[in-house]
Amino acid sequence: MSYGSITFGDVAIDFSHQEWEYLSLVQKTLYQEVMMENYDNLVSLAGHSVSKPDLITLLEQGKEPWMIVREETRGECTDLDSRCEIISDGKMQLYRKHSCVTLHQRIHNGQKPYECKQCQKSFSHLTELMVHQTIHTSEEPDQCEKFRKAFSHLTDLRKHQKINAREKPYECEECGKVFSYPANLAQHGKVHVEKPYECKECGEAFRTSRQLTVHHRFHYGEKPYECKECGKAFSVYGRLSRHQSIHTGEKPFECNKCGKSFRLKAGLKVHQSIHTGEKPHECKECGKAFRQFSHLVGHKRIHTGEKPYECKECGKGFTCRYQLTMHQRIYSGEKHYECKENGEAFSSGHQLTAPHTFESVEKPYKCEECGKAFSVHGRLTRHQGIHSGKKPYECNKCGKSFRLNSSLKIHQNIHTGEKPYKCKECGKAFSQRAHLAHHNRIHTGYKPFECKECGKSFRCASYLVIHERIHTGEKPYVCQECGKGFSYSHKLTIHRRVHTGEKPYECKECGKAFSVSGQLTQHLSIHSGKKPFECNKCGKSFRFISVLKAHQNIHSAEKPYECKECGKAFRHATSLIYHDRTHAGEKSYECKECGETFSHASHLIIHERIHTSDKPYECKRCGKAFHCASYLVRHESVHADGNPYMCEECGKAFNSSHELSIHHRVHTGEKPFKCNKCRRSFRLRSILEVHQRIHI
């Protein structure tokens, strides 16, 4: 076929009004460019005068091409199994001309009848062959004189010149965006106003019928576009195209500031705003700004409470589709992201990139004040607030201030009592999502953070950091009153209350106040009388699981914690810590009434009851009251029948285990109470106290 016999109708593509609506604004603009180029190519190659088609006239005037009314017979594509972007909802694709049907069907049958005689490469369309053949000509590359840019094809040069020469006189009054054609401006205007296409499933509205069609696929689970490499399917062709670059590894878009490369141009544009600091999309409610418009849209739903994306499994709603997709992987078990180091798979890219061990993390962001380094710049920024002391976020309920807005929001849940994050396993609720995530590891047993010193594993990184201080002996949090050091800040906060006398946790039943929330929790069980934790050996019940565990060691007789000074062994690590203070002579807890000092806060609390005459532990048999619970337990054995605690050495029986322990010293010769004046030792504290009067 000679080029002279080609007409514009052979290389033009026609759209009906319905077809035109399926196209996005980008696709419409591309169509206009291609048609104008095809016409220019035809004029250039034909070598004689070609009459200007109506389609070109309309495009030059900025009118929409579907307005042309043709008389030709209509044809239709019957390949309903195709993955053609335009075909949707099971409808046939209609064409006005049989020639257009023939060209379209080559997409499905793979037919490429036009072959290059130079290199034997085949093409579906004659115009593609014509453009390709210019590669083999000996012509010098075409160059734009204005920009000194060279092109291998004349069509590429013409396209470049049109882009740079074209005026854009049509400006949007809403956002100021400019367009070359009024039709493009009219189409763009719908962004700000019309959304005539509404989804009957969820009520979400769209500007075009095509957007609605694509949206329907999410409800029906339709994913017609499948990757031939890995089999993953997508509901939109564009997502398949983006996905395929994962397999090729191609990242053609490079940042000219830092050299980082991206698979998509959109990804590069978003990245570049990091360097410029530009955040053009601002929320009118709270003033927060975003780099991407989609992030602003998602953020606005926080104010409106809208959660349009609902999980069909559990009914949970989400503000954006990505959150729903991540959530649904809980049920499907999908884990698309695999670590090349150890083969471990993850359900999200964030989990994959999150550090598994502290060794693997690069920390390029260093604080100039203290030298601490961070893997993420945002963490450095937050850390620097510690040095500046600024706390700009104040709670309007209690006046407490915070460095971070997120910390304020979490704090406010204390006043509202809101705990929106609930565990599906046990029903326990949390005020923070992170706390729920950590809690979930109790059920799964997942402990990814391992200590290199002793091999002990932990559910979260912060627990490991605190644990490592046992090996290093580091106590970075120091009390300014007494100089005592602590391994983490929470212990220092509680310790300070010893000096200030602050007791913020009050019992609503009796008005008693406590310095630690855990003490209040323990105290409340006195009023309820509940003892839900029962020993399976002897049937004894306890209010707390920790006390039950301590009790069970009696049956096992195991004492794994040994004192390095004297060799004495203990069932609990805390007991060993308290015992160590005996050797060190450390008594940091002082009574404000009489000045007596104690090695443990609990001993001070019990001692203070002497001054207040507080005896909260009452015997239900005789009504006698005691300062501490252990005295009550010992007393209750008086009412019990028999003496259940028998000495294995001599057979003597006692009412309580405490009395038996004291008796054992007769056989062992143990005298733990030493006089600091003359170094004489005694079996009982009371005998030591009598002895010390000699030295007064």
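Any Cβ shown, glycine's included, is placed from N, Cα and C.
Among the features that Swiss-Prot reports, domain 'KRAB' is placed at 6-78, with the record citing sequence analysis. When pLDDT values are averaged over the domain 'KRAB' (6-78), the model yields 63.
According to Swiss-Prot, the zinc finger annotation covers 114-136 (among others), on the basis of sequence analysis.
Per Swiss-Prot, zinc finger is recorded for 142-164 (among others), and the stated evidence type is sequence analysis.
Among the features that Swiss-Prot reports, zinc finger is placed at 197-219 (among others), with the record citing sequence analysis.
Feature annotation from Swiss-Prot assigns zinc finger to 225-247 (among others).
Same-chain residues lying 6+ beyond the ends of the zinc finger (281-303) with a Cβ under 8 Å from its Cβ atoms: 270, 273-274, 319-320. Look at Swiss-Prot and you will find 281-303 (among others) tagged as zinc finger, backed by sequence analysis.
The feature zinc finger is assigned by Swiss-Prot to 393-415 (among others). Sequence-distant neighbours of the zinc finger (393-415) (same chain, 6+ residues past either end, Cβ-Cβ under 8 Å): 382, 385-386, 431-432.
Among residues of the same chain six or more beyond the zinc finger (421-443), those with a C-beta under 8 A of the stretch's C-beta atoms are 410, 413-414, 459-460. Here Swiss-Prot flags 421-443 (among others) as zinc finger, drawing on sequence analysis.
The annotation zinc finger is assigned in Swiss-Prot to 477-499 (among others). Residue counts for the zinc finger (477-499) under DSSP, helix first, then strand, then coil, are 11 helix, 4 strand, 8 coil.
Annotated zinc finger per Swiss-Prot: 505-527 (among others), in sequence order, evidence recorded as sequence analysis. Taking H, G and I as helix, E and B as strand and the rest as coil, DSSP gives the zinc finger (505-527) the counts 11 helix, 4 strand, 8 coil.
Summarising the annotation, Swiss-Prot assigns zinc finger to 533-555 (among others).
What Swiss-Prot lists as zinc finger is 589-611 (among others), and the listing cites sequence analysis. Sequence-distant contacts of the zinc finger (589-611) (same chain, six or more residues past either end, CB-CB distance under 8 Å): 498, 501, 578, 581-582, 627-628.
Residues 606, 609-610, 655-656, 658-659 of the same chain lie 6 or more positions beyond the ends of the zinc finger (617-639) yet place their CB under 8 Å from a CB of it. Annotation comment: Swiss-Prot describes 617-639 (among others) as zinc finger, evidence class sequence analysis.
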Number of helical, extended and coil residues in the zinc finger (393-415), per DSSP: 11 helix, 4 strand, 8 coil
